[in-house]
């Protein structure tokens, strides 16, 4: 008799996605981040659900409801810090996943790549709105500064900002709607993840060489289920170490002060995972230009497939491109550092140089390097 997993309409889908899926035999640990992102999403949805049971989205009680969660709810402190630091783990995995895609040429799967970019924007929007919910100083001023950027849009800007705020400033209406959006978006993300996987399974996974691996496939289970489980254990261990030993390491102390519209914090800055984009935004003295650069800092990923000039897919055998890739990584780390610094000399100049280098590397230097490598290999 045929196994039920191969005949049952629902189990059949699971079987083709997670059990009998033909996978390349040589995919490295860099391919673990996809499943880790799935784990992060599940952790965030479950911890978020339990937080939402005790949180109140009202300006007068939001801050104290978070305090109540940490002090009075059973293991509330654990749920809260798992959720806050889970977001950091989410972004670490996201950036590693995108970096892997760039390095090994996974962006040539256009549909999968484009859904991935939409997912990145959706996760960033969710994280931003989540940061506003505790209604601390950095929550309030972060929301004010970032939403205010939309006023740079010609003609409709001011109206748009007031429409998003639900008034003439960030207030009760803003907090309530941000909570509603923050709650619904992860489920939209989960749906997009399924579409992401649907498109991926149309082509099958890429591998480190970038060479088609149809002649050498192995079943996903048990090989990659075991490998992913190891990844899960390592990730959970690292997250628990962070949560249980230094839960506030990545947070901002200003967010332990309740929101006060009359008192601006000396340095308004977002969470660490947005600092690179924030640095790019600040490096342009014009408001609209800054907003465009901010959006383009992520949207530039959509141009990468069309700038792929190399005859090879992966960077595995392309030393010049490899050097440029790691220059890009170093540049992003520099931007992250600059984003957390005050707007003064020499940080302004460093930020501007790093911003120019970021776009130049992706849009000009990498395609040029590919052409040079083709020439060297007489292709």
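From the backbone N, Cα and C atoms, a Cβ is placed for every residue, glycine too.
Note that this is a predicted model, so its numbers are computed, not measured.
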Stretch carrying transmembrane segment according to Swiss-Prot (options 205-225, 226-246): 226-246
Range among 77-98, 143-164, 253-274 that Swiss-Prot annotates as transmembrane segment: 77-98
Cβ-based isolation winner (fewest other Cβ atoms within 10 Å) among the binding-site residues 97, 182, 201: 201
C-alpha spacing of residue 182 (heme b b562 binding site) relative to residue 196 (heme b b566 binding site), in angstrom: 21
Beyond the flanks of the transmembrane segment (320-340) by 6 or more, those residues with Cβ under 8 Å of it: 99, 102-103, 269-270, 272, 274-280, 282, 310, 347, 350-351, 354-355, 357-358, 361-362, 365-366, 369-370, 372-373
Contact check, the transmembrane segment (113-133) vs the transmembrane segment (347-367), 3+ Cβ pairs under 8 Å, seq sep 6+: no
For residue 201 (ubiquinone binding site), the one of 83, 97, 182 that lies nearest, given that the binding-site residues are compared by Cα: 97
Outside the transmembrane segment (226-246), six or more residues from its ends: residues with CB under 8 Å to it: 29, 32, 35-36, 39-40, 43, 78, 81-82, 85-86, 88-89, 93
Neighbourhood of residue 83 (heme b b562 binding site), C-beta criterion under 8 angstroms, separation at least six: 44, 47, 48, 51
